[in-house]
């Protein structure tokens, strides 16, 4: 409803007369569509340049022209990047970090949120909520120096440590989302499960946790994107370069191999692709996740 | 176990009408909460306390150290490297906030209007959000140092025919551009949520009264999304203060130290023997973050009721 009227406001020329209104309602606003399509090139061009550079031969890429098309199409750069960055290992490390992060965030914060929301009248649980929320105001650089020191001391200067840190930094936001969502689930449901003899634990895992699925999807996807793309934390925490995640591995092209553009872009492409693929399949939750998170 | 279950049941049944009564909490709830609390304390709170502790010492990150009181804090305020990084970071954040919000608002207006291929366009405009900051910065690094100078040369512009990343006066614009490129989607989605929440009747009434669409935009849409503007501005500013990935990928703080952010300066504490000193910097940085959070709470309370 509101959307038609908003559309006219973007293009003042055809507007104003009430007689035209019924008519306008059904017509797509072509000028705005065109403006947006042109603007979308700002998003698409850098991504397409990445793919096109990745598919060039070294001989063609060396001139550094971003906008020439690959001629001939060559996958030699992809093959070389695959070997040079040890892509399979980087991929597995990234996948490990992201998977542990996603699983850890969903399980830990769903459990904590359930305990908090069902005991809100008790001070311990209420204060715990505010305590956990505190990390939302805490920038990572503030903690970085001591965290690096601590993780080194206890032998967590590796992907497992990175995953643990990702989980803890995502915990605040996820707990916020889960507690808000849990308020909309009536407690009567669990009461009836308990009448049938279920313990609190069973009521949570069999009844409440499945009901949380939409929010778990949002929390999980945001945690995945954050974890998969993060550069700062793995680069500082992981001491052994062999255990680095994909984003950190890309740095090698900035120094040693600065003219192997096709290899560098092939590597960039392979590192970006998983997040883009995940996004294309889950965009509904990505979009709702961001808006829910910011407004609540 | 059985008794605690029954008592909880009673408490829950009563809670709708009667103020909650003291009763035993099912142990399960503690078991659900404790892992998070313990890990959080070890991973977040302990390092924070350690950081504050070290900021009052002369530690270089290992070995022995002595307490030096507020010397680190006092020294910070006359250190050009630190002051420079704050000036850059705050200035860059302010410009980025304005650029991002203006662009995101316009895109949100466009994407909520009656257009063709709405889903496809929304999908494209959200995409930068899912791309790694450091990698897209490397891609833009290439475009800024190769393609833009070519274009500049073709246009006969002396200024643009050299890489703007190597120009101390212009390098920050590249950082603003790429940061905005990545930050616009999240901001835009929040504006879309705000615009969609406005009831259509408001616009119908306005157009019956003869308000032009431009007038409707200024007098209806803008005031009704004002709360979202505040949220976006404060949230964004807080994020940009942490700028790191994109700067590392584009300029690595250069040329010279022209684009060195506060986060980069703090991390220099790992190598330069400045451990305790940069801890003090981190504590100040934290206080700024807290102040911003307070500001955000104050500004947004009551402004947005969704």
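Every residue gets a Cβ built from N, Cα and C, even glycine.
According to TrEMBL, the protein carries these features:
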COMPBIAS  A:1-12  compositional bias 'Polar residues'
DOMAIN    A:91-282  domain 'ABC transmembrane type-1'
REGION    A:1-22  region 'Disordered'
TRANSMEM  A:30-55  transmembrane segment
TRANSMEM  A:91-116  transmembrane segment
TRANSMEM  A:128-148  transmembrane segment
TRANSMEM  A:160-182  transmembrane segment
TRANSMEM  A:203-225  transmembrane segment
TRANSMEM  A:263-282  transmembrane segment
Q: Give the one range among A:91-116, A:128-148, A:160-182, A:203-225 whose Cβ atoms make the most pairs under 8 Å with those of the transmembrane segment (A:263-282).
A: A:203-225
(Q) Using Cβ distances below 8 Å and needing 3 or more such pairs, separated by at least 6 in sequence, tell me whether the transmembrane segment (A:203-225) contacts the transmembrane segment (A:91-116). (A) yes
**Q.** Tertiary contacts of the transmembrane segment (A:128-148), as residues 6+ beyond its ends and Cβ separation under 8 Å
**A.** 112, 116, 157, 165, 168-169, 171-173, 175-176, 179, 232-233, 236-237
